[in-house]
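Participant: Sharing a structure below in structure tokens format, with a few things to ask.
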Amino acid sequence: MLSVGRGIADITGEAADCGMLGYGKSDQRTAGIHQRLRSRAFVFRDDSQDGDARLLLIVAELPLPMQNVNEEVLRRLADLYGDTYSEQNTLITATHTHAGPGGYCGYLLYNLTTSGFRPATFAAIVDGIVESVEHAHADVAPAEVSLSHGELYGASINRSPSAFDRNPPADKAFFPKRVDPHTTLVRIDRGEATVGVIHFFATHGTSMTNRNHLISGDNKGFAAYHWERTVGGADYLAGQPDFIAAFAQTNPGDMSPNVDGPLSPEAPPDREFDNTRRTGLCQFEDAFTQLSGATPIGAGIDARFTYVDLGSVLVRGEYTPDGEERRTGRPMFGAGAMAGTDEGPGFHGFRQGRNPFWDRLSRAMYRLARPTAAAQAPKGIVMPARLPNRIHPFVQEIVPVQLVRIGRLYLIGIPGEPTIVAGLRLRRMVASIVGADLADVLCVGYTNAYIHYVTTPEEYLEQRYEGGSTLFGRWELCALMQTVAELAEAMRDGRPVTLGRRPRPTRELSWVRGAPADAGSFGAVIAEPSATYRPGQAVEAVFVSALPNNDLRRGGTYLEVVRREGASWVRIADDGDWATSFRWQRQGRAGSHVSIRWDVPGDTTPGQYRIVHHGTARDRNGMLTAFSATTREFTVV
């Protein structure tokens with residue numbers, strides 16, 4: 001018998017002038033909110049086991065998981081609950097949206113486009129994750145947990161088919177359309193009510209382009225919002241909803257949601273929002289359909305966790321394609337990584353695949369450094385990350401690997417972006433060791449930390465973006481397979497595993513310039529709505545405001561759409577809603593304007609409405625003053 005607790009909380013960081021994380025573009029900085037980012041936590045407790053056996057699963061709408069975030073979350077949870085939640089039984093996975101603020105990372109590389117570490121965004125993420133766990137911890141109660149699987153086509157496409165085609169026929173035959181359609185739904189019921197779901201599917205969080213400046217949970221964020229808010233009627237500002245839906249990743253390293261190809265800069269501005277909604281709806285519909293086919297997940301929970309120095313693993317021949325003993329190498333970025341992807345181009349002068357200049361340089365280096373050649377060739381090396389790592393933590397080398405079990409479901413926690421065939425090999429290996437059905441074993445990427453990509457040794461040879469971003473060389477996947485096999489064998493045999501050596505503490509660097517004191521007639525409405533609107537039209541208003549970063553309003557909102565009901569005004573939308581957008585623009589050196597848009601939904605009740613803006617101004621002494629402003633009334637007919 002399992003008991004389950006659920007919790008949700010806001011983790012939205014700085015909505016103004018903060019570098020966004022995902023595409024690696026320094027000029028892609030936050031300038032508002034389309035949808036808020038959220039953490040969803042699930043506590044599973046096995047009531048049939050002695051003691052207090054628990055598993056904590058957190059799905060966070062973040063670009064990347066980070067070691068320093070995990071460490072601070074676990075430190076805070078230890079202050080609250082002692083040793084109830086630990087590295088071993090806590091799995092934190094990111095949805096990999098490319099539309100979230102960055103600067104929260106402990107390793108310098110990921111903060112280069114954000115002017116370094118951003119304490120406010122880091123705090124919002126940690127505070128929100130911890131809050132979601134607090135809600136889940138308090139919510140634990142007996143539940144019926146069931147499991148189902150499906151197939152979803154039309155929500156992903158292989159963005160590196162030439163690399164995929166290098167795999168052996170047996171692997172390619174498993175994915176005849178070059179995509180991984182496998183979906184999994186964990187359903188949580190209490191009595192007659194479904195109170196929570198966790199859906200797993202492989203597709204990238206790149207429906208929003210690198211030209212977007214609004215915070216968004218991308219397609220998985222929309223899927224969760226649609227089920228909770230649109231279908232379930234959740235009011236996130238009023239407390240914990242009765243139903244919580246998390247949409248998690250599996251192995252989407254080479255999976256793109258842009259099934260019609262990347263959007264060109266000339267595409268209509270609303271196209272990326274349409275793509276986000278469409279791919280999110282596909283995932284929601286798949287999950288909703290599976291509700292009727294779920295069967296009991298089974299008894300028991302278990303977890304194994306270890307750290308591995310991924311740059312110095314001696315891999316036994318049983319885990320390599322040719323049966324030969326191999327060794328991984330220290331992290332190095334290839335020219336293919338610098339090129340970026342078709343949907344997010346990188347630096348000028350680089351291309352995916354072969355780069356003759358860098359290939360020639362690397363061949364010369366390989367002749368002088370045979371161990372490096374054995375690990376990294378044919379990568380055209382552009383940046384050996386080991387060198388900056390000696391000066392300051394730049395990328396992570398000692399990484400966490402995890403295996404957890406909920407009933408008959410096994411989750412392999414990988415701290416990177418596995419391609420679909422890399423994930424398949426990990427799944428097959430665990431399934432064979434523990435005696436599980438392959439469908440019940442998932443490779444969950446973006447878990448607990450981040451090491452970039454995980455390709456198969458065959459895909460690596462193509463040196464597309466994914467291969468160039470497989471930092472530890474051609475045998476990285478093989479090293480992870482060896483480590484995961486040890487965890488699976490220990491779980492099967494009921495043995496503990498050694499934790500291994502933890503990564504050294506990171507040191508945050510920041511060169512963010514302090515913002516000037518705000519100036520202006522705060523709250524003045526400089527563009528009022530029209531008098532009358534119909535469903536399908538857009539209401540817009542512009543306010544004199546202040547820097548949104550003065551108060552992130554975590555758990556709150558920068559805007560409200562309110563409707564007159566008798567003598568009162570009732571909130572019917574906020575800045576977390578799909579129908580609203582909140583845009584910030586700097587005016588001069590210290591001024592701010594905020595534009596608020598509400599796309600009137602088709603089912604909107606006719607009546608009198610207003611738009612309300614909430615802001616906070618900071619003076620020269622650092623004193624904060626909250627203000628609110630309201631438009632004139634307008635009518636929806």
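Cβ coordinates come from backbone N, Cα and C, glycine included.
Here Swiss-Prot flags H34, D575, D577, T580 as Mg(2+) binding site, drawing on similarity to another entry. Annotation comment: Swiss-Prot describes H96, H204, E417, Y453 as Zn(2+) binding site. If you look up Swiss-Prot, you'll see S256 marked as active site, nucleophile.
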Participant: Out of the recorded positions H96, S256, E417, give me the one sitting nearest to T580 (Mg(2+) binding site) by CA distance.
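Facilitator: Nearest by Cα distance to T580 (Mg(2+) binding site): H96.
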Participant: If I take the Cα of H96 (Zn(2+) binding site) as reference, which of the recorded positions H34, S256, D575, D577 has the closest Cα?
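Facilitator: Checking each of H34, S256, D575, D577 against H96 (Zn(2+) binding site), the shortest Cα distance is to S256.
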Participant: What other residues of this chain sit with their CB within 8 A of the center of the CB atoms of H34, D575, D577, T580, the recorded Mg(2+) site?
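Facilitator: Not counting the recorded site residues, we get I33, Q35, R36, L559, A573, D574, G576, W578, A579, S581, F582.
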Participant: Quick check: of the recorded positions listed here (H34, S256, D575, D577), which one has the Cα closest to that of E417 (Zn(2+) binding site)?
Facilitator: S256
Participant: Starting from the residue listed as 'active site, nucleophile', work out which of the binding-site residues listed here (H34, H204, Y453, D577) have their Cα within 10 Å, and give them in sequence order.
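Facilitator: Near the residue listed as 'active site, nucleophile', where near means Cα within 10 Å, the binding-site residues are H204.
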Participant: Within 8 Å of the centroid of the Cβ atoms of H96, H204, E417, Y453, which other residues of that chain place their own Cβ, given that this set defines the recorded Zn(2+) site?
Facilitator: Q249, P252, G253, G416, G445, Y446
Participant: How far is it from H204 (Zn(2+) binding site) to H34 (Mg(2+) binding site), counting Cα to Cα, in Å?
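Facilitator: Roughly 19 Å, rounded to the nearest whole number.
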